[in-house]
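First the structure, in the form of C-alpha cells, and then the observations on it.
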Amino acid sequence: MNIRHGIIAMSSTMLVPLAAEAACNTDYSWIDKSCERISDTWKNGDHDLYIPLWTHHLRFAYDNDKIDSFREFTWGLGYGRSRYNAAGNWEGVYLMAFSDSHSNVQPMLGYGHQWMMGPRSGLHAGVGYTAFLTSRADIYKNIPIPGVLPIASLNYRQYSVNTSYVPGGRGNGNILFFWSRVGF
C-alpha cells in the first residue's frame with residue numbers, strides 16, 4: 001500500500017458516520033444500539049489526535065534475524081472522536097494509519113471501549129477492546145480484514161498512552177503496539 005492509498009483511506013473516514021447513521025434503522029436491536037453508540041460518539045465526541053509510538057515484537061516468538069529485520073519504531077498519524085459515557089467509560093471512533101514492521105502503510109478504522117478506573121481529572125487507567133478493519137500488504141494483499149483486540153491505557157486528563165496485544169504463534173503476532181492519544 002502506498003501513501004496515495006493511505007490518503008484515500010483516511011479521506012473516506014468522513015463518510016463512516018453518515019453510513020453508520022443510515023444503517024442504524026434495522027430490525028435488530030443490538031445492531032441499532034451499537035450503531036447509535038458509534039454515531040453518537042462521532043457526532044458528540046471530542047476531537048482526538050492519535051500518534052503511533054512503538055511496535056514491540058515479543059522476543060520469545062522470533063529468532064534474532066527476524067527481529068533485526070523488523071522496524072519497531074512506528075511513524076503515522078490518526079484522527080478520532082471520543083467521549084466518556086454516562087457510566088464514566090471511554091468510547092472512541094478512530095482512523096489511524098501507521099507503518100507496520102516492514103515499513104508498509106497500515107490503515108486502521110475502528111471503535112474502542114474502555115472501562116475506566118480513577119478520576120478523569122487526574123491519573124486514571126482503562127482496559128477494554130477495539131473492534132476494527134485494517135489491511136496489510138503481507139496479509140491477504142491489502143484486502144480489508146476485521147479484528148478485535150484487547151486495549152489498555154494510562155491517562156492524565158486529555159492525554160493517554162495506550163497499548164494493544166496482538167496474539168500469535170512462533171514467528172507471527174505476539175506484538176505489543178503502543179500509541180498516544182491527545183484530546184482537544
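Just so it is clear, glycine is given a Cβ too, placed from its N, Cα and C backbone atoms.
What Swiss-Prot lists as signal peptide is 1-22, and the listing cites sequence analysis. Annotated active site per Swiss-Prot: His57, Asp100, Ser101, in sequence order. Feature annotation from Swiss-Prot assigns site 'Role in lipopolysaccharide recognition' to Lys66.
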Drop a 10 Å sphere on every Cβ of the recorded positions His57, Lys66 and tell me which sphere holds the fewest other Cβ atoms. Lys66
Whole-number Å only: compute the distance from the Cα of Ser101 (active site) to the Cα of His57 (active site). 9
Rounded to an integer, what is the Cα-Cα distance in Å between His57 (active site) and Lys66 (site 'Role in lipopolysaccharide recognition')? 10
Looking only at C-alpha atoms, tell me how far Asp100 (active site) is from Lys66 (site 'Role in lipopolysaccharide recognition'), rounded to the nearest Å. 14
Asp100 (active site) CB neighbourhood, other CB atoms within 10 A: 21
Should Lys66 (site 'Role in lipopolysaccharide recognition') be counted as helix, strand, or coil on the basis of DSSP? helix
Please give me the CB contact count at 10 A for Ser101 (active site), counting all chains in the structure. 18
